[in-house]
Amino acid sequence: MSKYYDGVEFPFCDEFSKYEKLAKIGQGTFGEVFKAKHRQTGKKVALKKVLMENEKEGFPITALREIKILQLLKHENVVNLIEICRTKGEATQFNRYKGSIYLVFDFCEHDLAGLLSNANVKFTLAEIKRVMQMLLNGLYYIHRNKILHRDMKAANVLITRDGVLKLADFGLARAFSLAKNSQGNRYTNRVVTLWYRPPELLLGERDYGPPIDLWGAGCIMAEMWTRSPIMQGNTEQHQLTLISQLCGSITPEVWPGVDKKYELYQKMELPKGQKRKVKDRLKAYVKDPYALDLIDKLLVLDPAQRIDSDDALNHDFFWSDPMPSDLKNMLSTHNTSMFEYLAPPRRRGHMPQQPANQNRNPATTSQSEFDRVF
């Protein structure tokens with residue numbers, strides 16, 4: 001499919017001037033995100049600028065896909081697209097849209113990465129249960145509507161001041177379907193920020209589905225206790241090595257057919273003889289046995305055996321004491337917004353037994369965005 005789509009027009013877009021920018025809260029290769037307010041009503045919104053690097057070639061197909069998906073998805077745990085606005089400008093051969101295009105969203109006060117970067121923000125077990133319940137509920141909804149998020153990470157999980165979680169940044173999302181022939185689907189595998197990328201994508205899988213998002217959910221769930229990403233690889237090979245060291249060696253015994261399905265499996269030098277250590281490595285942080293068990297089921301190497309969102313929501317973790325509890329009271333003690341973009345880099349190397357000689361890059365937005373390939 002072409003990277004740009006010429007047939008898009010926005011004749012009924014409101015003028016951007018109805019909003020006043022207040023602060024920049026996000027930055028990446030996708031563009032910029034601003035906190036803003038409606039000049040008349042005072043309503044707070046988030047403005048995401050559509051990156052138009054080569055506007056003369058047409059409207060970016062990736063932005064169009066994001067807009068179409070956001071217009072389809074309406075759920076309490078998915079960010080709400082209010083409207084599309086544009087600035088005034090003169091049409092030229094380089095800018096047929098006469099200015100900039102902005103996506104306007106309901107404003108959320110925090111993202112999960114920003115909250116976890118603040119040592120003063122402390123989640124109780126009951127509050128972690130509520131976070132994961134809302135996250136999995138959002139995934140259940142989008143997967144039921146045949147949408148893959150494809151960029152699950154803590155920075156893309158927004159939380160309002162009232163404690164409502166919203167899955168956000170659908171810039172990499174796409175519709176999926178069951179393969180109609182023996183050749184399967186041919187989706188790009190260069191999706192998902194590296195530290196949250198599941199083993200099947202790292203091995204070159206192109207016919208994938210909802211399990212890729214559930215792997216990210218498992219990484220995020222563990223992060224609720226470790227406070228930083230649990231597998232911080234520098235390269236795809238390094239990421240697979242870290243996965244093997246935590247989840248056990250990738251073999252046909254635990255993942256039937258892996259040796260025949262993926263050409264990369266034979267080419268990569270993956271650790272041999274590694275035992276699965278998810279529970280052992282995390283038990284220093286995660287004291288609840290049900291939580292450990294759910295993380296273990298989310299971080300299963302074989303996507304066919306990985307727990308889905310429906311079964312995850314029915315896991316004993318959510319139905320044992322303490323029951324999930326509202327986040328509003330805890331968040332009410334914090335008066336400032338917390339976003340990854342505005343926070344100092346999070347502490348690193350929390351997980352024990354990480355290789356000591358690896359040179360790791362900070363978990364900055366630019367690092368995570370490096371892997372965004374459409």
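Glycine is treated like the rest: Cβ placed from N, Cα and C.
According to Swiss-Prot:
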DOMAIN    19-318  domain 'Protein kinase'
BINDING   Ile25, Gly26, Gln27, Gly28, Thr29, Phe30, Gly31, Glu32, Val33, Lys48  ATP binding site
ACT_SITE  Asp151  active site, proton acceptor
REGION    345-374  region 'Disordered'
COMPBIAS  354-368  compositional bias 'Polar residues'
Q | Segment confidence, the domain 'Protein kinase' (19-318), expressed as mean pLDDT | A | 92
Q.
I need the CA-to-CA distance for Gly31 (ATP binding site) versus Asp151 (active site, proton acceptor), whole Å please.
A. 16
Q) Judged by the number of other CB atoms within 10 angstroms, which among Ile25, Gln27, Val33, Asp151 is the least packed of the recorded positions? A) Gln27
Q.
Using the alpha carbons only, what distance in Å do you get between Gln27 (ATP binding site) and Asp151 (active site, proton acceptor) once rounded?
A. 16
**Q.** Number of Cβ atoms other than its own within 10 Å, given for Gly31 (ATP binding site)
**A.** 20
